[in-house]
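Down below is the structure, laid out as structure tokens.
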Amino acid sequence: AAARYIHGTIRNSSLGISNLIGPIEQIAFANHPCKGMYFMPVGVPHSLSIAVLSYMGNIRVALATEKGFINHQVLINSLEKAFDRTFAAALATS
């Protein structure tokens, strides 16, 4: 029942946001250190998907949109302003 509910919700939504706690220590693949990683669910019928992953104390945000859904320059500028404001507010309170 839970799986049917989750798949039904995913199929009937246009936005998906997920987060995942990643490793706190650096990992390696075939003895090659991994500098960073992203997480993105694929194959879901969303107009906009946002995935957040933490890795070694850093947060990575990945966005996927359907073609032509969002003006990417406006989105990037808005995200940069939001991150700058969040960072400044965090510094002001510490």
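The backbone N, Cα and C atoms fix where each Cβ goes, and this holds for glycine too.
If you look up TrEMBL, you'll see 2-84 marked as domain 'O-acyltransferase WSD1 C-terminal'.
Helix, strand and coil counts under DSSP for the domain 'O-acyltransferase WSD1 C-terminal' (2-84) come to 23 helix, 27 strand, 33 coil. Mean pLDDT of the predicted structure over the domain 'O-acyltransferase WSD1 C-terminal' (2-84): 84.
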